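Asks: Dumping what TrEMBL says about this protein:
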- 73-266: domain 'Peptidase M28' (DOMAIN)
- 284-301: transmembrane segment (TRANSMEM)
- 335-555: domain 'Endoplasmic reticulum metallopeptidase 1/1-A TM' (DOMAIN)
- 346-370: transmembrane segment (TRANSMEM)
- 376-398: transmembrane segment (TRANSMEM)
- 468-491: transmembrane segment (TRANSMEM)
- 511-533: transmembrane segment (TRANSMEM)
- 540-562: transmembrane segment (TRANSMEM)
- 569-797: domain 'Endoplasmic reticulum metallopeptidase 1-like C-terminal' (DOMAIN)
Amino acid sequence: RGYLDNITAIGPRTVGSPENEVLAVNYLLEQIRGIERESTDAHKISIDIQRPTGSFSIDFLGGFTSYYANITNVVVKLEPRSGAEHAVLSNCHFDSVPNTPGASDDAVSCAVMLEILNTLSKSSESLQHAVIFLFNGAEENILQASHGFITQHEWAKSIRAFINLEAAGVGGKELVFQTGPENPWLVQAYVVAAKHPFASVVAQEIFQSGIIPADTDFRIYRDFGNVPGIDLAFIENGYIYHTEYDTSDRILTDSIQRAGDNILAVLKYLATSEKLAKSFEYRHGNVVFFDILGLFVLAYPARVGTIMNYITAAVAFFYLSKKVLQPKPRAVPNLKRLLTAFSLTLTSWVCMLVAVLTVAMFVSIIGRALSWYTHFYVSVSLYGTAAAAMLILVHRLAKKFFYKNVNEQYLGDVFFDASLMIWSIALAVMTQMGLCSAFICTLWVAFPLLTKLMIHKEFSQKGATIKFIMMYMLGMFVPYLYMLYLSWTVFEMFTPVMGRSGSEIPPDMVLAGFIVIFTMILSSYFINFIYLVKSTKTTLITLTTVFVVTLILVCSGIFFPYSSDAANPKPKRVFLQHTSRRFHDLDGNVVKSDSGIWINGFDYNGISHITPHVPEINDTIRTPCEEQAPFCGLPWILPVHFMFRFATHFCGASEDVSSSSRLTGCSCGRAGGCSACAPRCTWTHMSVPAGPSHMSLYVRPRAGSALSRWSLGDGMPVASLGGDYFVFYSRGLHAAPWLFWVELTVPEKHSDGIVSLAIAAHYFFGEDQKSPHLYALLERFPNWTFSSGWSCTYDLFVF
């Protein structure tokens, strides 16, 4: 734990700052050299400081290009005295986002890696393969340091597998949420070695779908290094992830010990595995994996899962066919009743979804979004009760009017079969789509079918007896227990994300949608009880009462979304940039300039809850879009404009921010290397001679022009959402001036210029970080906010 406390004591470690480039690096080197001195003769330790410069494009956040210069990696190789040809990589990052101590993200992982290095180096048992420990110093700058390592470092060529240590929360259990690609032997290594397993292929498919606005170094090693790996992350208490509350004292020692036990065991297993040397020979498709209550992990090849899934679905369809055809003379009526029950079940789910989303939309429209953010039970008592009540209501009405004189036991049997049919179809479809998560459907087909076959006699008895209910619940125990466990994991990950997912997507509708989905799943085999029991009136009245009372309380505003509780804060995130903007014409003259505080609320509520505390921040100062400028003429640090289109505000300020970044350029018509088939081709060489460690470049070709090539990334420009081009720049210490060129095809006549380029300079640390005006404004923000502020300049040029 001492490692963690000492790293976070340095303070925020923003790329380019002395804290990150000097103090953190010196501390790591001091500890590593101390470990080297105490290592046994069985091992050889090599240390290297890498400061790479490079560029790449990535489709994260709508797509952009990244450029880095002289950033820092601390690399350690532990290998046998005789050397090793192959290696396994362990990766963490010691940098943090601005204004946060970054204890969980990712200082704790670096602390764990130091302790693992210490433990392995003191062992008298020699490893078969090398273990490379990468303490990377620029992950928060969208994965730059890992790219610099895997594409440029000489040791990278020996890496056959990796473990990436990350965080999406503060402490708790570390979840394996990505593996591969393919290489099921890596999952088997985790299954065999990890002492406290926690893994889910469901989390992998959710994360890789892109619905969570995050990414990790896993992508870089996979896409640029072609190396398979395992991605782990702490997921508990994501409410304070990337905030000032992410301090070392909030991470329990048990969490650190648990992570250390797991990662040490897996690294030792891989470093002594025969498969590591020939990892390319074990790419045998994907793997299905999931843990059982954290006790152990089940893992099997996806191709085996496909066979199991199809067999399970086939058995279920055979059972249903047999039920429909017995007796043969009643086959058509039986089929009609099964399809009617099937349709009614789907109808009840659609009604439930529409009703709950309508409530969520209403809550969002009246300004009560995120009422459950601090009080999660509110979401259950509001949306969960509404979902259950609507489900019961639809089937109660069907029972009363449509099935008025039909035998209750027969209805219970038919609706059970209808649910089995739905799950069997879902199983076949998900398997056909190649989703490993289809194993969930297998559970919901196999166990209910076995239960039905075991207690089929009780199904025909009148009424839902205690014996029948007990046997039914026992048979359903496994899928229900696993589904509750999985739902806890999903809500643990997703609920905090809603507080940092931007202003465009109503979080209440997202969470309500999840609650409806889980209600559908958990209720699917209990719909038949609505037809078996004599009356559901009391249950319906109770659910409706809870829903109405909760809705009234939510509308009254009694459930405030945010909390400043010292023990368990759940802050609202707000970004403030003291911005000075200048817009130049084709002759270089300043045609417009302004200065002010640009404010972005990071959730759907925008700044509505802040206005009572800071009245001048209100909806009358919404930021206008400068249509002629790329990205609306706003100094985005990353291309997240699509997440905040209607929630940015610009509060005027009298003082300007001084700028040390200036874009200079010269245009040369039909330069060498231009495409001969273009009507006219121009290379524009650009230079940024000075500036802070973080800058953003925005490019928009003028009417008739097109950006064809540039000296960034792989040479092919990647447009962001909206069609403009975004380049993210960062540097360490003592970096050379930023030089680049762009090539455009242009029309014969271009009197108003061929391209607009803008550059924003962001001051994340040092004496230029916050102006007196920004300091004064930040002081007025309520204590339930995490307000991250910095100064920046914006200059637009036309060439």
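Here the Cβ of each residue, glycine as well, is placed from N, Cα and C on the backbone.
Where the annotation comes from TrEMBL, it is an automatic prediction and has not been curated.
These numbers come from a predicted model, not from an experiment.
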Asks: Could you give the residue numbers and ranges of same-chain residues that sit at least 6 residues beyond the transmembrane segment (540-562) on either side and whose C-beta is under 8 angstroms from one of its C-beta atoms?
Replies: 359, 363, 366, 368-375, 378, 381-382, 385-386, 388-389, 392-393, 396, 570-572, 605, 609, 784-785
Asks: Within the domain 'Endoplasmic reticulum metallopeptidase 1-like C-terminal' (569-797), what mean pLDDT does the predicted structure show?
Replies: 84
Asks: May I ask for the residues of the chain that lie six or more residues beyond the transmembrane segment (376-398) and have a Cβ under 8 Å from a Cβ within it?
Replies: 344, 347-349, 351-352, 355-356, 359-360, 363, 491, 495, 511-512, 515-516, 519, 523, 527, 530-531, 536-537, 539-540, 543-544, 546-547, 550-551, 554, 559
Asks: The transmembrane segment (511-533): which same-chain residues, six or more beyond its ends, come within Cβ distance under 8 Å?
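Replies: Residues 345, 348-349, 352-353, 356-357, 359-360, 372, 379-380, 383-384, 387-388, 391-392, 395-396, 399, 403, 408-409, 411-416, 418-419, 422-423, 444, 448, 463-464, 476, 480, 483-484, 487, 490-491, 494-495, 498.
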